[in-house]
Amino acid sequence: MAIVKRGGRTKNKTQQQAPAKSGIKKAEFDLHKSKEVGVSDLTLLSKITDEAINDNLHKRFMNGTIYTYIGHVLISVNPFQDLGIYGPETLSKYRGRNRLEVPPHVFAIAESMYYNLKSYNENQCVIISGESGAGKTEAAKQIMQYIANVSVDSGNAEISKIKDMVLATNPLLESFGCAKTLRNNNSSRHGKYLEIQFSESNHQPIAAHITNYLLEKQRVVSQITNERNFHIFYQFTKHCPTQYQQQFGIQGPETYVYTSSAKCINVDGIDDSKDLDETLSAMKIIGLTELEQNNIFRMIASILWIGNVSFVEDESGNAAIRDDSVTQFVAYLLEVNPEILKKAIVERVIETTHGMRRGSTYHVPLNIVQATSVRDALAKGIYNNLFEWIVERVNVSLKGASQSSKTIGILDIYGFEIFEHNSFEQICINYVNEKLQQIFIQLTLKAEQDEYVKEQIKWTPIDYFNNKVVCDLIEATRPQPGLFAALNDSIKTAHADSDAADQVFAQRLSMVGASNRHFEDRKGKFIIKHYAGDVTYEVAGMTDKNKDALLRDLVELLSTSANPFVNQVLFPPSLLASITDSKKRPETASDKIKRSANDLVGTLSKCQPSYIRTIKPNQTKRPKEYENQQVLHQIKYLGLKENVRIRRAGFAFRTTFEKFVQRFYLLSPATGYAGDYIWRGDDISAVKEILKSCFIPATEYQLGTTKVFIKTPETLFGLEDMRDKYWHNMAARIQRAWRRYVKRKEDAARTIQSAWRIKKHGNQFEQLRDYGNGLVQGRKERRRMSMLGSRAFMGDYLGCSDTSGYGRFIVTQTGINEKVVFSGRGEILLSKFGRSSKRLPRIFVVTRTTIFIIAEVLIEKRLQLQSEFKIPISGLNYVALSHLQDNWVALSLHSPTPSTPDVFISLDFKTEFVTHLKKINPGLTINIGTTVQYQKKPGKFHTVKFISGNSSDVPEYGDVYKSGTVTVKPGLPSSSRNPKRPRGKSGKVDYSKYYNRGVKKSFPVPSARPTAASQPSYKSPVEQSYQPQVLAYQTPRPEEAKPVQRKAPPPAPVVQNQPQRQPQAIEPVRPVKKTAPSPPVRKTAPPPPPPPPALSAPAKPKFPTYKAMYDYDGSVAGSIPLVKDVVYYVESINGKWGLVKTLDESKEGWSPIDYLSQCEPPSSLFGAANPPSRPVAPSQPKVQSRESTVASAAVSSSTPASTVSNGSLSNGLAEALRAKKTEETTLAGSLADALKKRQGATRDDSDDEDDDDDDW
């Protein structure tokens, strides 16, 4: 897709830094994560040697970890056992993950291939190399399994069918193309390249194609000891279906020469019967008809019976059939004439020609050796053509309706082989492996370094072995002919006699390797020094195997078959025509393998390759056995050390500037906007802008002439991760904006609705308060704080109904699943055996049916909540209170039990608590008197007396319980009523709450005012000035009090909704206008000074004052910090805590009363009542608060002019001007300092705004 350019926006928007992300997930310990042994990537080794690589692979292998990386190359060591690492759970673990997020695995390679296909629209392939038995076939199967599972939509039947057929090719082709060898129980005796084609729209498999390479057909007729024929022969003979047994005369594998001569019929770990069932199932999935399956097994039976044809010598020493019944049954299976079959095996027809004229025809009898060779050639020809037809038939089924341009290729080919006797098959197999090694070198080592030079990238060249010289030794035609050319030339020279052709080939070997140091000629043998080791090949029989053509007599025999599958499919007339055409040289086996190998190289070169290098740890195929010398040899010839060195010095990813911009232009606001490409410059400048916007260090990339090179895969994965999250982030941004807009509308609507409901129906919380006050009206003294006009019965003070916070923690821990109508903190009086009663803190939660009394305990240093008592409200007999202002309430049950006894509790909101109980249980009796009775134990009543006292032992705002007596100071009269709610101040809408994210929420201590969550439409009681109707002992408040000079900054910021001193309420004194100088005045005697003002009685502070003896950090939610030696108000005392206010009443909260000591109020508290004095310019200005400076200026400006004598008028004016200038300077400094402090406090505490919303 081409880049769509779009004009840039003309509006310049200031780019702001995004706020810090607050949704960090909690870190969890992975109990199932295994300890890593060695390093997962060999590039991380501290020392790069073959021995270090071997040691690392050995450690991981013994730990059951068989996979290791070299950059993007996967190293696999065959475990020779099932490790259970390919199940559905493992597959899902690697799905959608890059290779750095998960341990090394073949699934990671498969995921990377599929991701690159989707993301970069490039063909992918995986090259699996290694020697025989190293695990190449298993790796290919697992890659096919992974891609088929992750790429298929389960809802699409057609796609699922393609997936099933692709997977079914594995058991089918393994049965016909794999065999047990000395080194491998499931060795591929052919090569295949599977290409899975994907649709361009949804990247699902729509077709596939298999290319076959060089089946080892010699294995059909002979195997070395302890090896087996192809699996299908043992599957068919051991578990043959009944109809085939009767129709084809199938018996056990020991009956047939081709399956029993190597003396290996059974193999550990191979279940031939089960494998045949899988083969038959695969045939059905692929779509082979019953007739096609019958023909396949008819040919298998024919081959088995052909092998049982044996010979004897006749009188002339020629070969004769030992048992005619065998040939007759073979003729029945092939549906040919038995006599023609016998003649084709024991005779050879030779035609002579004389120039252009046809000559004579001779029937030449064959000896036993020659007849055996013809018999085997017939069996090999039938099996080879049958296998090629099966591959073609599979391709017909896998062919899709639509063509796709993008594929994933999986190469599964025979590994490098070195046997005791090596012939033409081994040289072909090793040649293909040399070609694959050459591809690996070209695409990883040579191509990488060549590209660095071309792109002018800084690079240190690394030496490596290029095996092209070995490939040329085998396949070259000119200037120096190679081995394959010499073989073909030998056949052409002596085509009639195989032995003579072998001798000609042996003579030509000296010319082939004369100047090649990787070749050695031996008598009757020759050595090629392959990349994997030196291999000695035998000349005998090579030319005959290279012919790869059936005898004309055999082809003519099979063309007479009455079975169309034989004479039209396996051996069509075109085959006979090509053999009888003497003008055209038939294609040899070496020609075929050379053409196939070069086609394979061309196909792989068009793909983005992935590599898997397999290693065989031992020759005995035993698990947990690791032969160091053998593995070290493989490490050397695979070139792992050079690969590690180049990888460490190279770059993990490179692509053209255009492709990079196309992929990642979204990541920079300068190159992409709303999904469109808006960059106006060239591609290289766009690449620089993208890397800059993504904060990629310059050390992590280099820019070439046409490409950008990324050094580490972590950088690439980071870019890909940002790209994947781009659209999600854009959608989230739009959602946030929309939610802000909707939230503002909803909040505005709720505010209007709340105001209208209050205006129309009244405030329900205040109505509940008035109802509750009526229950105790005239019967109980009241606390001053209960009589505030802003006091409302909000109920859930701990926020138990909220979706988060400490209240939600309470109900979750205790299992409360009912609606909470009241929650708060208080104390309970508990008595223990042999001890006096003790006041213990508790949490009280009231639902519609139950009172929960909850204890906070520390278990293993963790806070736990335990439900101590559950009291049913319907079981309450009465509640008892005293007539004084104390907070004690007794709950008495009809039938108390040890688990639900009567309780004696103390809580600040006792009137509200009782009101809710009365609302829930209207028949509840409320007893108020001088004593309170409740049952400490069932049937044992306890009486508590209440007395009023003013002694110093009684706290101002609490009580003393001792020996069944509660002593409390006098409260407000029982007839007191709440005044009208004060009018709230007007203010602007705080829009910051719609934009600021990540603000820490606070969980305040119990308070007499509701939390922000439970009271959205009410002002806090602290905001209002309280004026109870009856307050005999209250001292009139001064008009304006001076704040105390503090030695430390304020301990906490002012809560946002608390009243703040408005700047316009305190105006600085305007400078006095300079007047025209007055005319000289006649000097007279100065008048007497005015009398001093009368001394007023010292003002009494509104609350007791206490001095802090220690510093207190205020870390507990709802508390206020204390600064040593600073004086504070203490409004009330509850146990060991006091409600503390600063002297300017800007902050309040709870603090330990033991940290405070009562003291006399400071003189600065009554600065407004002191007599005015003439201001004197200080020698050094002192930093004062803004309020004190303004107060001083006001006092100075209010001094009457008549008090200044006429004689000192000029001196007085000069002094006044100097004082005024000093005051202005001091005022400016104070304002500046105040602003700095305010800004600092705002910065320091911006995240804790909600924490200061403390309750009283």
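Every residue gets a Cβ built from N, Cα and C, even glycine.
What Swiss-Prot lists as compositional bias 'Basic residues' is 1-12.
If you look up Swiss-Prot, you'll see 1-24 (among others) marked as region 'Disordered'.
Per Swiss-Prot, domain 'Myosin motor' is recorded for 37-724, and the stated evidence type is sequence analysis.
Taking a C-beta cut-off of under 8 Å and a sequence gap of six or more, G130 (ATP binding site) has these contacts in its own chain: S76, K136, G415, F416, R613, T614, I615, K616, Q634, L638. If you look up Swiss-Prot, you'll see G130, E131, S132, G133, A134, G135, K136, T137 marked as ATP binding site.
Here Swiss-Prot flags 407-490 as region 'Actin-binding', drawing on similarity to another entry.
Swiss-Prot lists 728-748 with the feature domain 'IQ 1'.
Per Swiss-Prot, domain 'IQ 2' is recorded for 749-774.
If you look up Swiss-Prot, you'll see 965-1101 (among others) marked as region 'Disordered'.
Taken from Swiss-Prot, the feature compositional bias 'Polar residues' applies to 1012-1028.
Positions annotated as compositional bias 'Low complexity' by Swiss-Prot: 1054-1065 (among others).
What Swiss-Prot records for 1077-1095 is compositional bias 'Pro residues'.
If you look up Swiss-Prot, you'll see 1101-1161 marked as domain 'SH3', on the strength of sequence analysis. Counting residues per DSSP class in helix, strand and coil order gives 3 helix, 28 strand, 30 coil for the domain 'SH3' (1101-1161).
Per Swiss-Prot, the feature region 'Disordered' maps to 1164-1210 (among others).
Residues annotated as compositional bias 'Low complexity' in Swiss-Prot: 1188-1205 (among others).
Residues or ranges marked as region 'Disordered' in Swiss-Prot: 1232-1256 (among others).
Annotation comment: Swiss-Prot describes 1245-1256 as compositional bias 'Acidic residues'.
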Binding-site residues (S132, T137), the one with most neighbouring Cβ atoms at 10 Å: T137
CB within-chain contacts under 8 A for E131 (ATP binding site), separation at least 6: R183, G415, F416, E417, A532, T614, K616, Q634
Non-site residues, in chain order, whose CB comes within 8 A of the mean position of the CB atoms of G130, E131, S132, G133, A134, G135, K136, T137 at ATP: N78, N184, S187, G415, T614, K616
For the domain 'SH3' (1101-1161), mean pLDDT (0 to 100): 85
Where G130 (ATP binding site) falls in three-state DSSP terms: coil
Nonlocal residues around G133 (ATP binding site), in sequence order (Cβ under 8 Å, 6 or more apart): N78, T181, R183, N184, S187, G415, K616, K621
All-chain count of other Cβ atoms within 10 Å of K136 (ATP binding site): 26
DSSP three-state assignment for T137 (ATP binding site): helix
